[in-house]
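S.K.: This is the structure I want to talk about, given as structure tokens.
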Amino acid sequence: MADTHKISFEPVDIEMEVGEDETILDAAFRQGIHLMHGCREGRCSCKSYMLEGDVQMDDYSTFACNDAEEAEGYVLLCRTYAYSDCEIELLNFDEDELLGGAPIQDVTTKVAAIEPMTPDIVSLKLDVVEPESVEFKSGQYFDLFIPGTEDKRSFSIATTPATPDRLEFLIKKYPGGLFAGMLTDGLSVGQEIKLNGPYGSCTLRNGHVLPIVAIGGGAGMAPLLSLLRHISETGLNRPVRFYYGARTAADLFLLDEIATLGEKIDDFSFTACLSESTDNAPEGVTVIGGNVTDIVNDNEADLARTEVYFCAPPPMVDAALALAEQHSVPHDQIFYDKFTSPAFDS
């Protein structure tokens with residue numbers, strides 16, 4: 001059995017134990033403590049600060065924590081192993097979420113439907129079998145296990161807690177992706193898929209009132225659609241401006257539902273941002289040619305007075321992070337998911 005150590009978190013006065021064979025983040029999940037996190041792969045800069053203790057970090061992106069930050073004492077808890085008792089300062093946390101998040105659990109589901117949305121994005125709908133329903137928040141994600149293997153991939157939920165027994169995921173088919181071939185040929189209705197989760201902090205915060213600027217691209221539509229569905233269902237009174245980046249009009253989807261959801265939100269706008277061509281643009285939709293982050297920059301002069309949510313391929317996420325920094329958006333007003341895929345792994 002691995003040695004265990006005590007971890008103390010400041011300024012929230014929470015303590016827990018961690019084994020030397022698990023990351024601090026995984027130990028927190030195991031004990032019902034929901035620390036701020038995103039990708040869980042050391043790529044998305046959810047940093048904390050070491051006040052005292054002996055730790056080591058596994059492989060991580062220097063974009064998330066550069067050498068100077070690491071030397072100063074910053075750590076990524078998803079990659080950090082403790083080898084002594086430690087005191088850690090949490091730099092970005094939600095007190096309501098810390099001890100009140102949805103429990104991490106193993107879930108058994110069966111495929112209910114597989115439906116193409118665009119030439120390279122598929123809707124995968126799953127019926128929850130065990131337990132009978134799952135608890136999660138709009139904007140979170142699950143790990144899906146490749147049937148018959150221990151391999152897994154993270155996908156955001158497009159549905160809301162209003163349907164805890166039916167989950168929908170929007171999955172982009174990358175060449176060489178483990179799920180890509182299965183979605184095209186190999187996965188069938190009724191087949192069992194194991195899940196684990198929910199994870200992620202790209203969720204709406206209780207009591208927050210700032211306008212929401214949502215920036216999406218590709219399968220990053222999923223968590224933003226979940227947020228829109230939730231706002232529409234609950235009547236939450238917050239302005240929402242949704243910018244979706246795609247290459248051409250053929251890459252746009254769910255436009256009718258987005259329009260319907262928007263009608264139920266007091267102050268809502270949707271802009272399709274097409275980087276390659278605006279030919280054959282759909283009627284009744286605001287379409288602008290160009291990169292989505294450039295278009296947001298041109299249209300959101302007061303971005304720092306909004307809460308920014310984004311989920312997209314890694315290059316678009318990096319561009320959105322740079323945009324938020326350029327506009328001096330406070331870190332606690334930025335929420336995002338940054339998943340990797342075979343197309344972007346280095």
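Using the three backbone atoms N, Cα and C, a Cβ is placed for every residue, glycine included.
Okay, these came from Swiss-Prot:
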- 5-94: domain '2Fe-2S ferredoxin-type' (DOMAIN)
- Cys39, Cys44, Cys46, Cys78: [2Fe-2S] cluster binding site (BINDING)
- 104-205: domain 'FAD-binding FR-type' (DOMAIN)
S.K.: Quick one: average pLDDT across the domain '2Fe-2S ferredoxin-type' (5-94), no decimals.
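M.R.: Mean pLDDT, the domain '2Fe-2S ferredoxin-type' (5-94): 88.
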S.K.: Could you say whether, by DSSP, Cys46 ([2Fe-2S] cluster binding site) belongs to a helix, a strand or a coil region?
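M.R.: The residue in question, Cys46 ([2Fe-2S] cluster binding site), is coil (DSSP, three-state).
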S.K.: Within the same chain, and leaving aside Cys39, Cys44, Cys46, Cys78, name every residue whose CB is within 8 angstroms of the centroid of the CB atoms belonging to the recorded [2Fe-2S] cluster site, in sequence order.
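M.R.: Other same-chain residues near the [2Fe-2S] cluster site: His37, Gly38, Arg40, Glu41, Gly42, Arg43, Ser45, Ala64, Leu76, Lys338.
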S.K.: Show which residues of the chain containing Cys78 ([2Fe-2S] cluster binding site), separated from it by at least 6 in sequence, have their CB under 8 Å from its CB.
M.R.: Thr23, Leu25, Asp26, His37, Cys39, Arg40, Glu41, Gly42, Cys46
S.K.: Enter the number of other CB atoms within 10 angstroms of the CB of Cys46 ([2Fe-2S] cluster binding site).
M.R.: 23
S.K.: Can you count helix, strand and coil residues in the domain 'FAD-binding FR-type' (104-205) using DSSP?
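M.R.: DSSP classes over the domain 'FAD-binding FR-type' (104-205) add up to 7 helix, 50 strand, 45 coil.
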S.K.: Hey, what's the Cβ neighbour count for Cys39 ([2Fe-2S] cluster binding site) at 10 Å?
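M.R.: Its Cβ shell of radius 10 Å holds 24 other Cβ atoms.
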S.K.: Do any residues at least six apart in sequence from Cys44 ([2Fe-2S] cluster binding site), in the same chain, have a Cβ closer than 8 Å to its Cβ, and if so which, in order?
M.R.: Gly38, Ala64, Tyr336, Asp337, Lys338
